[in-house]
Amino acid sequence: MPEDISRYLFICFKSIFLGIIQGFTEFLPISSTAHLKVVPYLFGWNDLGVSFSASIQLGSAVAIIYYFRNHISLIINSFFSSFNPSKGFKDENSRLFLYIFVASIPILVFGLLIKLYWPNYSDSNLRGLFSIAITSIVMALLLALSEIYGKRNKLFVDINLNDVIKLGLAQSLALFPGVSRSGITLTSALFSGIERKTAARLSFLVGIPAVSISGLVELFSLFRVLSVIDIIPIIIGIISSFFSSIFAIDLFLKFLSKNNTLVFVYYRLAFGIFILTTL
């Protein structure tokens, strides 16, 4: 096999593998960005960069929309059919449309500001392994505290605007590698007293705009500079991410029906310590 073909097939293999990693870790509170940084390092692969990582998140975004398609359809229909300007939102689904919008504002605004005023952010020390390790440990401790002090008695109908504003601000912290978007939003929701499975579903739903927009922006930027043959591995990564995301969403929701999140606390502590002591 010619060397160029062999190299290209290996790039496609890496895209499939990293797509699986992305999809599986995007919805668990363990940070997909951190794993997409650490795993290539362990295998001696080149860091594929922020654009690749953000682009393959599109597979995860499509997976959320597909998995929750019935709920999302209900949310949209409720918003446009039951909203009365004089009375406000009548039911939880129409309010949830507003909540998703509100929770998305901080991360989109801060993300845009970073894009405009910190062009070298992707090469900063914040994306280094040491920063990721420390962040992983800190986020593990916060998740543990949310399990200890969160009352976990709120369902969707009980969620209010204050809960969502706090969750949206927390989600903006996910711009820093190692934080975990699903992890920090789940932690915020638990601190607000939201029941675990409801907290996870809310975390997934509010992530749709941010993950989708981020992925589309980076993918379009790659389309402008890469050839079709170079784009194919990214598309493969997106598809791989989609299927592993579906599996991860279903697995995590079933897990939270009967368990707490402490196993992820232990994992993140071990992950952070492993990076500090090994890499």
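Just so you know, glycine gets a Cβ as well, placed from its N, Cα and C.
Panel annotation: around the transmembrane segment (10-30), residues 36, 39-40, 45, 48, 52-53, 56-57, 59-60, 63, 136, 139, 143, 180-183, 186-187, 204, 211, 232-234, 236-249, 252, 261, 264, 267-268, 271 of the same chain, lying at least six beyond its termini, place a Cβ under 8 Å from a Cβ of the stretch. The transmembrane segment annotation in Swiss-Prot covers 10-30 (among others).
Summarising the annotation, Swiss-Prot assigns transmembrane segment to 48-68 (among others).
With a cut-off of 8 Å between Cβ atoms, the residues of this chain six or more beyond the transmembrane segment (96-116) that come close are 75-76, 78-79, 89, 156, 159, 161, 164-165, 167-169, 171-172, 174-175, 185, 202, 205-206, 208-210, 213-214. Swiss-Prot lists 96-116 (among others) with the feature transmembrane segment, giving sequence analysis as the kind of evidence.
Proximity of distant same-chain residues to the transmembrane segment (128-148), defined by a Cβ-Cβ separation under 8 Å and at least 6 residues beyond the stretch ends, is recorded for 29-31, 34, 37-38, 41, 176-180, 183-184, 186-188, 190-191, 260-262, 264-269, 271-273, 275-276, 279. Sequence annotations record features per position, and here Swiss-Prot assigns transmembrane segment to 128-148 (among others).
Below 8 angstroms of C-beta separation, residues 26-27, 50-52, 54-58, 60-61, 64-65, 67-68, 71-72, 75, 96, 99-101, 103-104, 107-108, 111, 164, 167-168, 171, 174, 181-182, 185-186, 189, 231, 234, 249 of the same chain, each at least six residues beyond the ends of the transmembrane segment (203-223), sit close to that stretch. Marked as transmembrane segment by Swiss-Prot on the basis of sequence analysis: 203-223 (among others).
Residues or ranges marked as transmembrane segment in Swiss-Prot (evidence: sequence analysis): 229-249 (among others).
If you look up Swiss-Prot, you'll see 259-279 (among others) marked as transmembrane segment. Sequence-distant contacts of the transmembrane segment (259-279) (same chain, six or more residues past either end, CB-CB distance under 8 Å): 28-31, 34, 38, 41-42, 129-130, 132-137, 139-141, 143-144, 147, 183, 186, 190, 196.
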